[in-house]
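Reading through the structure tokens given below for one structure.
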Amino acid sequence: MEAQWRQGGRGRGRGRPGDELAARSGAAARPPAARGRGGARAAAAGPIGDGASRECRVLPPTRAAGPRAGEPAKFDEIKKANQAAAKKLVEDQLSSSSEDDDEDAEAKQGKILDKTFTIYTSQTDGDASELERTKQYMNEAFQSGAMTCLICIASVKRNQAVWSCCGCFCIFHLVCIQKWAKDSLFLVSSPLTDDDFGKKDYPWPCPKCRFEYKRSETPSRYYCYCGKVENPAVDAWLVPHSCGQICEREFKPSCGHKCLLLCHPGPCPPCPKMVTTTCHCKKAKAVPRRCSAKEWSCRLPCGRTLLCGQHVCENPCHAGDCQPCPRVSKQRCICGRQTAERLCASPQWQCDQVCGKCLPCGNHTCEQVCHAGPCGDCPRSGKRSCPCGKTKFTLPCTEDVPTCGDSCDKVLECGIHKCSQRCHRGPCEICRQEVEKQCRCGKHTKRMPCHKPYLCETKCTKIRDCQKHQCRRKCCSGNCPPCDQVCGRTLGCRNHKCPSGCHRGSCNPCPETVDVKCNCGKTVIKVPCGRERTIKPPKCKQLCSRPPTCHHPTQEKHHCHFGRCPPCRQPCQKTLTCGHLCPVSCHDEALVKQTGSHQSAGPWEQPSEPAFIQTALPCPPCEVPIPV
């Protein structure tokens with residue numbers, strides 16, 4: 001089937017008699033809507049003239065249809081009008097309806113937050129100062145693109161199954177965290193032998209805070225934040241991934257009460273219950289206080305006796321044990337020879353003098369440094385052994401033990417051979433026996449002294465635990481060390497490289513965060529590194545501070561934004577020649593149709609110049625009636 005614009009004629013000057021009348025009668029027979037689309041297109045795309053003549057010539061019905069050069073210009077005019085209407089529609093929607101939609105969404109979000117906090121604030125008489133951290137997590141759950149899975153660096157949507165870490169409360173896609181746990185367990189257990197595999201429950205860490213979970217704690221199902229409902233339904237009037245029921249999780253630290261908020265992301269707020277409690281030192285009267293702040297101080301002196309037993313604690317009422325006594329006093333050392341000023345909290349101290357007291361033998365003195373109690377017997381009294389330990393002698397403490405004359409037979413440092421010398425004082429010599437030694441890798445043997453290690457020059461060709469690089473260590477025993485090279489792979493954020501050592505499996509998520517700012521820079525949100533290219537800038541409540549581009553001293557108030565400011569709608573108020581003020585809207589930046597001599601070859605050709613230009617128009621004539 002031929003295109004519609006070709007159906008009016010078969011080329012330049014090849015129209016058959018009666019074709020033009022048939023086309024006109026067909027266009028007139030169509031309904032108005034059809035004529036607007038097909039008729040205009042067929043009329044605009046009829047036979048094209050030579051471009052020199054732009055007037056329409058009416059031919060007799062019996063002659064062939066000639067070129068109609070005015071129809072392409074009409075087609076261009078309609079096309080430009082449609083483009084201008086579409087452009088104006090987009091500008092109007094961005095300038096007017098977007099702010100209204102944002103206000104509606106914020107109002108709806110505020111109602112959901114109030115509903116979530118109702119039970120909690122009823123216990124605190126409307127005080128929501130302790131909910132700021134929880135509000136931050138909930139606002140991120142509502143904000144488009146703020147919740148990002150750090151494993152796949154993609155946004156977390158309302159209808160996707162998620163899992164929340166109980167340590168950092170970061171949210172991940174369920175399939176992503178399952179794969180992460182599986183890969184982590186595989187990497188930890190891969191170096192084990194078949195006998196050791198399965199005997200120990202190796203943990204897997206959270207990708208963000210590294211909080212460790214057991215193998216049995218690997219998530220397999222999608223639950224709400226409080227863990228009561230499996231596969232919670234998507235509800236526009238609830239927090240995303242929430243079941244809408246009361247949380248009822250235990251407060252941390254545990255106080256016996258449960259959370260009163262509706263199912264929510266992030267940590268639970270402090271306990272709002274009222275309890276009657278006394279101060280730390282138990283001197284003040286019990287008063288009702290919030291359970292989360294039930295530990296309080298009366299600020300009176302503590303008065304408890306310190307460990308020194310001489311003084312009392314002078315610090316204000318405090319929790320826990322009292323601090324050591326800060327006072328200074330003169331104290332003797334353990335042996336009683338020296339006296340020094342020391343803290344009262346550490347009365348036991350030792351000087352650096354040797355005891356020197358005469359031992360019971362009467363021949364030797366005590367060689368211990370400052371000590372308490374008796375010195376004990378002379379260490380040279382009683383039965384003593386020869387250096388090799390085979391013979392015992394009973395001699396006076398003034399005589400040294402002689403050697404026995406037998407062979408030493410102590411095991412040398414090699415752990416294999418024994419000392420062949422006679423009983424002697426002092427250490428044994430090194431082992432000098434020649435043995436057939438095998439190198440550490442087991443590939444070569446050599447006869448050499450027993451005390452010397454034997455390492456061959458063969459380099460290990462085994463692949464290290466990273467499964468990428470060879471060991472290349474000389475004479476390796478087979479227990480190759482971990483790879484010492486840096487991973488260097490580009491992380492999922494595409495901005496940084498992995499700084500960890502070379503490893504198997506996926507790299508850890510990028511720990512960096514990036515600030516995404518509005519146009520004026522006063523409103524900032526933090527997003528994971530790599531998301532700054534796809535995240536929408538935050539909505540800013542500050543007024544636009546750009547100077548006006550028209551003749552008015554100030555522009556209309558509107559919020560901070562990117563791109564051009566909306567057109568000025570203030571009255572012109574310029575003084576006309578007659579003395580009156582121009583009442584129409586500001587026309588310093590009016591859109592005026594751009595006309596040109598370029599002629600499109602057909603409807604497939606895009607315009608090579610803009611359809612409208614921005615220019616200042618003169619004020620219209622004054623329309624104020626005057627008496628004549």
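Our numbering is plain: 1 for the first residue shown, then up by one each step along the chain.
Quick reminder: no glycine exception, Cβ is built from N, Cα and C everywhere.
Keep in mind it's a predicted model, so treat the numbers as computed, not measured.
According to TrEMBL, the region 'Disordered' annotation covers 1-75 (among others).
Taken from TrEMBL, the feature compositional bias 'Low complexity' applies to 23-51.
The region 'Disordered' annotation in TrEMBL covers 89-108 (among others).
Away from its own ends, the domain 'NF-X1-type' (255-273) comes close to residues 115-117, 119-120, 123-124, 130-131, 133-134, 136-138, 140-141, 164, 169, 171, 224-226, 228-229, 238-239, 241-249, 290-294 of its chain (Cβ-Cβ under 8 Å, at least six residues beyond either end). Among the features that TrEMBL reports, domain 'NF-X1-type' is placed at 255-273 (among others).
Sequence annotations record features per position, and here TrEMBL assigns domain 'NF-X1-type' to 308-327 (among others). Only residues 6 or more beyond the boundaries of the domain 'NF-X1-type' (308-327), in the same chain, are considered here, and those with a CB under 8 A from a CB of the stretch are 279-281, 283-284, 295, 297-302, 343-347.
Residue counts for the domain 'NF-X1-type' (361-380) under DSSP (helix as H, G, I; strand as E, B; rest coil) come to 0 helix, 2 strand, 18 coil. Annotation comment: TrEMBL describes 361-380 (among others) as domain 'NF-X1-type'.
Positions annotated as domain 'NF-X1-type' by TrEMBL: 414-433 (among others). For the domain 'NF-X1-type' (414-433), the DSSP-based tally of helix, strand and coil residues reads 0 helix, 2 strand, 18 coil.
Beyond the ends of the domain 'NF-X1-type' (441-462), by six or more residues, the same chain brings 413-414, 416-417, 430-435, 470-478, 480 to within a C-beta distance below 8 angstroms of the stretch. Feature annotation from TrEMBL assigns domain 'NF-X1-type' to 441-462 (among others).
Sequence annotations record features per position, and here TrEMBL assigns domain 'NF-X1-type' to 466-485 (among others). In terms of DSSP secondary structure, the domain 'NF-X1-type' (466-485) contains 0 helix, 2 strand, 18 coil.
Panel annotation: around the domain 'NF-X1-type' (493-512), residues 150-151, 153, 180, 183-184, 186-187, 190, 207-208, 464-469, 482-487, 528-531 of the same chain, lying at least six beyond its termini, place a Cβ under 8 Å from a Cβ of the stretch. Under the heading domain 'NF-X1-type', TrEMBL lists 493-512 (among others).
In the predicted model, the domain 'NF-X1-type' (550-570) has a mean pLDDT of 89. Look at TrEMBL and you will find 550-570 (among others) tagged as domain 'NF-X1-type'.
Within the same chain, residues 91, 95, 99, 518-520, 522-523, 537, 539-544, 585-586, 588-589 sit at least 6 positions outside the domain 'NF-X1-type' (550-570) and bring their C-beta atoms closer than 8 Å to a C-beta of that stretch. Cβ atoms under 8 Å from those of the domain 'NF-X1-type' (361-380) belong to residues 333-335, 337, 350-355, 397-398 of the same chain, restricted to positions at least 6 beyond its ends.
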